[in-house]
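Quick notes on the structure that follows.
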Amino acid sequence: MTTRVAVIGATGKMGRLVCDLVDNDSDYELVARLDSSSALSEMLGADVAIDLTVPAVSQGIVDYALDNGIRVLVGTSGWSQSRIDSLRHRIKGRDTVGVVIIPNFSLGSVLGTALSALAARFFDSIEIVEAHQSSKVDSPSGTAVRTAELMAAARAGLVPVAAPHIDQRARGQQIATVPVHSLRMAGVLARQDVIFGGSGESLTITHNTLSAEAYERGILVALAATRECVGVTVGLDQLIDLGLSGPAADEPAAAAIPPAGPEEAEMEPGE
């Protein structure tokens, strides 16, 4: 059965990429493309709404979709844990709607986060440096927040992460006790370095997004999971088997990674 899809934020870089993927997949029908001038009612009739907007309007879009029985895939970053918890409470017990929130659609990024959570148990000194294009409005990135939270969860019962002089502004923002530093600059699409320090050594886990092709397989995995989702699921790691558990999902769905498609023209999506 074909799933009807509405894309909100369809004229943005990521929105255009998602519209192309949906248009070229026979399992889906793109029934609405919404931009900043569109009425939210234009998504009515869709089975799934994909939110690719900005943090300031994302929650209102999700609320409207859920009020109208539409499942939601959120690709907008900036969702705090408190907002996610509130969303979980709101739809608890409803078996006809659900939300999938993906801080980063890149498989490599998710693997980087998984490896970071694994390493976090062995190092007390940990910091994150994330860099994105200057047009990205939120900081730290959703990926950095997700990584910090999963590392903190992996370290449960251990001493706090060492964060000396964190009262100084140049020392970054603490997320789940981990200092995070954000760069917004030209010449960068998306990069994250998780730096671990130990006695006489350091370890850096780096993920660097070079083009929009990095997001394609993750988008299709997340969209497939959203079609039947119930409750709130956070993170691509909850949809594929990485052996990584976290506090993010109510009832995580399992999905296979589809094969990589033919190469497409390089573009720079908003994240």
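Cβ coordinates are placed from backbone N, Cα and C, and glycine is handled just like the others.
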From 74-95, 250-271, the residue range that TrEMBL assigns the feature region 'Disordered': 250-271
Nearest-integer angstrom distance between the alpha carbons (Cα) of Ser77 (NAD(+) binding site) and Lys136 (active site, proton donor): 10
Among Thr11, Ser77, the most crowded of the binding-site residues [Cβ within 10 Å]: Ser77
Lys136 (active site, proton donor) to Gly9 (NAD(+) binding site) - Cα separation in whole Å: 14
Sparsest Cβ surroundings (other CB atoms within 10 Å) among the recorded positions Lys13, Lys136: Lys13
Candidates Gly9, Gly75: member of the binding-site residues with the richest Cβ shell (10 Å): Gly75
